[in-house]
Amino acid sequence: NCGMVGVLTPTTTNTQSDHVKGEKKMIQNRGPQYFNNYDVYFLFFFWSIILYKSFVTSGHKTLNVFIVCKLKRPSEGNYEKEKDVCIQLFDQWSEADQVEFVEHLISRMCHYQHGHINSYLKPMLQRDFITALPAQGLDHIAENILSFLDARSLCSAELVCKEWQRVISEGMLWKKLIERMVRTDPLWKGLSERHQWEKYLFKNRTTEVPPNSYYRSLYPKIIQDIETIEANWRCGRHNLQRIQCRSENSKGVYCLQYDDEKIISGLRDNSIKIWDKQTLECLKILTGHTGSVLCLQYDERVIVTGSSDSTVRVWDVNSGEVLNTLIHHNEAVLHLRFCNGLMVTCSKDRSIAVWDMASPTDISLRRVLVGHRAAVNVVDFDDKYIVSASGDRTIKVWSTSTCEFVRTLNGHKRGIACLQYRDRLVVSGSSDNTIRLWDIECGACLRALEGHEELVRCIRFDNKRIVSGAYDGKIKVWDLQAALDPRAPASTLCLRTLVEHSGRVFRLQFDEFQIISSSHDDTILIWDFLNVSTNGQTEGRSPSRTYTYISR
């Protein structure tokens with residue numbers, strides 16, 4: 001190899017031109033074997049002139065440019081023989097010795113040579129591993145790698161080549177993608193149950209399942225269903241079903257909870273009524289309380305109710321038999337929650353009671369929390385905090401494990417009627433007609449939502465939206481993510497107002513497909529955003545199906 005150094009000292013244009021001619025002549029004088037490589041040298045030299053001009057323009061007076069160019073050594077007569085000997089020796093070495101020798105060679109090369117080697121190696125190192133793995137009997141690894149793709153990427157992967165398409169098809173990767181979505185997204189899970197295609201999921205290859213093409217065509221249909229549901233929520237399109245309770249003595253449905261089969265409601269007339277969710281017929285009436293049933297919660301074993309008669313009763317969810325009666329509070333039990341062996345109740349007597357639930361018949365009082373200066377209207381809790389809200393305008397936070405007071409959230413201007421707590425977020429509704437969002441860890445109010453004209457009586461939220469009901473008879477749907485964004489204008493937060501109740505809205509629950517609400521007007525309404533008929537509807541209103549129950 002030949003090393004070559006050119007030195008430039010900026011003086012005048014003529015000197016620069018003479019120097020270029022001199023370098024060119026120097027290369028020519030090296031002989032014909034070097035003259036063929038003049039173009040490489042000239043590129044470096046041309047670059048140095050550009051660099052020189054830029055430095056002179058910026059005010060530099062002197063500049064030395066060093067150009068080192070390793071020109072290709074001409075082939076000599078004994079090169080081929082020497083190469084053959086080296087290759088023979090190289091082939092006799094172990095792999096480790098070969099790697100060490102090549103590393104040593106590369107370390108002695110210049111950057112220009114490294115570039116040539118890199119260009120040579122790059123295509124050799126590129127492997128179609130998805131095609132290569134099945135050839136080695138490792139189809140399951142190729143399938144597992146592609147199973148992490150989302151739908152758009154999976155579509156692209158199918159177009160790479162026939163082998164990739166075969167791996168996706170035989171691996172049933174569209175089926176696996178749908179199964180992953182059903183496991184992680186409640187909306188997908190609900191659709192799979194309602195549209196009956198869950199029966200084709202979570203089955204191994206030994207059982208009869210449709211081919212991959214079935215799931216490939218099913219996926220876009222699911223996406224279309226999801227987009228339709230979201231549009232129905234935004235536009236207020238729904239199918240309305242109505243249960244007329246028609247209580248004889250006093251009207252009003254104070255509380256409710258539902259699942260796919262039933263709705264359980266607590267009424268002002270002291271009764272608990274269980275309704276078939278499909279036929280809307282009353283299946284059972286539980287009696288025993290001597291006051292209005294103000295709150296309830298149930299699971300697969302028991303129904304727990306709180307009443308204005310100051311008691312908490314535990315019922316067998318299947319037989320309706322009373323299993324336990326808790327007498328502790330001095331006034332009406334306004335709200336209760338239970339989960340994982342712990343129950344919290346609150347009362348008009350301003351206290352909160354924390355209970356250990358070993359079994360439906362073995363419930364013992366752990367602690368009484370005192371601190372509110374008015375009736376405690378609502379409680380909620382998880383493993384970390386118990387959260388309570390009161391007519392004294394405050395929300396108080398307590399430690400679940402120690403029952404010690406943690407902090408107070410201040411901001412509402414009047415009493416607080418409802419609340420939900422999950423993760424770090426607390427959402428509350430008040431008789432100041434506003435809804436507030438709070439960060440429970442720091443106690444900051446993140447946003448105040450305005451729109452209701454009277455007391456906000458009930459509120460629920462999920463990952464997408466907040467749904468609130470108020471004494472103005474209206475149900476409002478809010479965009480939760482926008483509400484958590486301080487840059488979002490207040491005018492964009494309320495997505496839809498639903499007006500069907502003729503009295504105060506007392507309680508509501510909702511999921512991805514529906515809202516179920518109860519009211520002082522003695523009705524339970526089911527707002528269905530999934531099964532919406534588009535024939536002759538006006539936006540936001542739907543034909544209703546009514547079932548009237550007349551108590552005996």
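Count begins at 1; order follows the chain as displayed.
Heads up, the Cβ atoms here are built off N, Cα and C, so glycines get one too.
Note that the coordinates shown come from a computational prediction; the quantities given were computed from them, not determined experimentally.
The helix, strand and coil residue counts that DSSP assigns across the domain 'F-box' (139-177) are 30 helix, 0 strand, 9 coil. Look at TrEMBL and you will find 139-177 tagged as domain 'F-box'.
Annotation source TrEMBL lists repeat 'WD' at 246-285 (among others). Note on the repeat 'WD' (246-285): mean pLDDT across this stretch is 93.
Using a Cβ-Cβ cut-off under 8 Å and counting only residues 6 or more beyond its ends in the same chain, the repeat 'WD' (286-325) has close neighbours at 250, 252, 254-257, 264-274, 331-338, 343, 345, 347, 360-361, 363. Residues or ranges marked as repeat 'WD' by TrEMBL: 286-325 (among others).
Under the heading repeat 'WD', TrEMBL lists 326-365 (among others). Under 8 Å from some Cβ of the repeat 'WD' (326-365) lie the Cβ atoms of residues 291, 294-297, 299, 301-302, 304, 306-314, 316, 372-381, 386, 388, 390, 398, 400, 403, all in the same chain and six or more residues away from its ends.
Positions annotated as repeat 'WD' by TrEMBL: 369-408 (among others).
Helix, strand and coil content of the repeat 'WD' (409-448), in residues and according to DSSP, is 0 helix, 25 strand, 15 coil. The annotation repeat 'WD' is assigned in TrEMBL to 409-448 (among others).
For the repeat 'WD' (449-481), same-chain residues at least 6 beyond its ends with a Cβ under 8 Å from one of its own Cβ atoms are 233, 236, 417-420, 422, 425, 427-431, 433-437, 488, 490, 492-499, 501-512, 515, 517, 519, 527. The repeat 'WD' annotation in TrEMBL covers 449-481 (among others).
The repeat 'WD' annotation in TrEMBL covers 498-528 (among others). Counting residues per DSSP class in helix, strand and coil order gives 0 helix, 20 strand, 11 coil for the repeat 'WD' (498-528).
Sequence annotations record features per position, and here TrEMBL assigns transmembrane segment to 34-52.
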Six or more residues out from either end of the domain 'F-box' (139-177), which same-chain residues have a Cβ under 8 Å from its Cβ atoms?
128-131, 133, 200-201, 205, 209, 211-213, 215-216, 218-219, 223
Using Cβ atoms and a strict cutoff of less than 8 Å, what residues sit near the repeat 'WD' (498-528) while being 6 or more residues removed from its termini?
186-187, 190, 194, 229, 236, 238-247, 251-258, 263, 265, 275, 277, 454, 457-458, 460, 462, 467, 469-471, 473-477, 540, 544
